[in-house]
Amino acid sequence: MESLDFTKAPPEFQEVKYLSDILLVTLASGWLVCYFATIRTAFCDRACWMPLLPLSCNVAWELVFITLYPPPGSPILGFWLLVNLGVIYSALRFAPSKASHLAVEKHYLPVLFVLAVGFWAWGHLALIEQLNPLPAFYYGGMACQLMTSAAALSGLVDQGSTQGASYTIWLSRVIGTSSALAGLFFRAHYWPSLWAWADNELMRWLAAAFGILDGVYGVQFWRLRRSENQLTIDHAHRKTE
């Protein structure tokens with residue numbers, strides 16, 4: 001996707017390109033921190049917050065745009081995918097008991113995951129055919145993000161536990177995706193000849209939906225973590241009595 005080659009941008013964008021670069025670095029760093037923190041927390045807690053269905057969609061998105069439509073700077077996508085392999089392993093190994101308590105289900109979970117990746121890759125390719133690669137890159141990425149945010153919030157409420165998750169994981173993914181959205185709207189303003197498509201009601205709705213879902217997630221996580229900490233303190237007091 002040559003559209004992401006910012007060296008070809010008009011002069012008015014070049015003057016403020018450093019701001020776009022900062023947002024891109026923050027985006028890349030945020031999600032790398034999220035991935036590494038997810039792997040570390042999963043092995044510490046023997047649980048993983050990452051829902052498998054959104055993860056398969058995200059992996060398909062990375063595969064499609066790494067192999068078929070690589071943007072300039074695509075090594076970061078490749079690095080994301082490499083680290084994501086650790087997230088995949090963690091999510092499959094420490095899948096919630098409801099998804100892995102049956103031996104047959106647990107045995108075929110990796111196969112089902114691969115099939116899901118193939119299905120989502122088909123969807124991303126269809127989106128590219130309808131919208132062209134550049135818009136599909138962002139709309140597909142936001143679809144993955146909203147699935148992740150909604151499923152993570154649902155899992156947090158359903159399990160009533162913060163095991164497998166952390167403030168670092170939540171905050172880093174919020175910072176990463178917020179930087180991606182800020183960069184997108186920034187380019188739509190300063191480079192409208194190529195990026196005006198991003199300044200529309202649907203993209204603003206996607207941004208708002210992400211903010212609401214992950215905002216509610218943060219509040220619910222704080223409430224559960226506070227309750228868990230209080231239970232730990234109460235248990236310690238009972239042991240000393």
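Note that Cβ sites are derived from N, Cα and C of the backbone, with glycine treated the same way.
Listed as Cβ neighbours of the transmembrane segment (19-39) (distance under 8 Å, sequence separation of 6 or more from its ends, same chain) are residues 6, 13, 48-50, 73, 76, 79-80, 83-84, 86-87, 90, 166, 168-169, 172-177, 179-180, 182-183, 186-187. Look at Swiss-Prot and you will find 19-39 (among others) tagged as transmembrane segment.
Taken from Swiss-Prot, the feature transmembrane segment applies to 49-71 (among others).
As annotated by Swiss-Prot, transmembrane segment applies to 76-95 (among others), with the evidence given as sequence analysis. Sequence-distant contacts of the transmembrane segment (76-95) (same chain, at least 6 residues past either end, Cβ-Cβ under 8 Å): 28, 31-32, 35-36, 38-39, 42-43, 45-48, 50-52, 55, 58-59, 62-63, 65-66, 70, 106, 109-110, 113, 164.
Distant neighbours of the transmembrane segment (108-128): 52-53, 55-57, 59-61, 63-65, 68-69, 88, 92, 95, 99-100, 136, 139-140; these residues of the same chain sit at least 6 beyond its ends, with a Cβ under 8 Å from one of its Cβ atoms. Annotation comment: Swiss-Prot describes 108-128 (among others) as transmembrane segment, evidence class sequence analysis.
Swiss-Prot lists 137-157 (among others) with the feature transmembrane segment, giving sequence analysis as the kind of evidence. Tertiary neighbourhood of the transmembrane segment (137-157): same-chain residues 1, 49-51, 53-55, 57-58, 61, 64-65, 69, 71, 96, 123-124, 127, 131, 165, 173, 177, 180, 184, 198, 203, 206, 209-210, 213-214, 216-217, 220-221, 224, selected by CB-CB distance under 8 Å and a gap of 6+ residues from either end.
Marked as transmembrane segment by Swiss-Prot on the basis of sequence analysis: 166-186 (among others).
Positions annotated as transmembrane segment by Swiss-Prot: 202-222 (among others). Here the transmembrane segment (202-222) has long-range neighbours at 138-139, 142, 145-146, 149-150, 152-153, 156-157, 162, 165, 167, 170, 173-174, 177, 181, 184-185, meaning same-chain residues at least 6 beyond its ends whose C-beta is under 8 angstroms from one of its own.
Same-chain residues lying 6 or more positions outside the transmembrane segment (166-186) and placing a CB less than 8 Å from one of its CB atoms are 16, 19-20, 23-24, 26-31, 33-34, 37-38, 41, 49, 138, 141, 145, 148, 195, 198-199, 203, 207, 210, 214, 217-218, 221, 225. Tertiary proximity for the transmembrane segment (49-71) is limited to same-chain residues at least six positions away from its ends with a CB under 8 Å from its CB atoms, namely 1, 3-4, 38, 41-42, 77-78, 80-81, 84, 87-88, 90-92, 95, 99, 109, 113, 116-121, 123-125, 128, 133, 137, 140-141, 143-144, 147-148, 151-152, 155-156, 164-165, 169.
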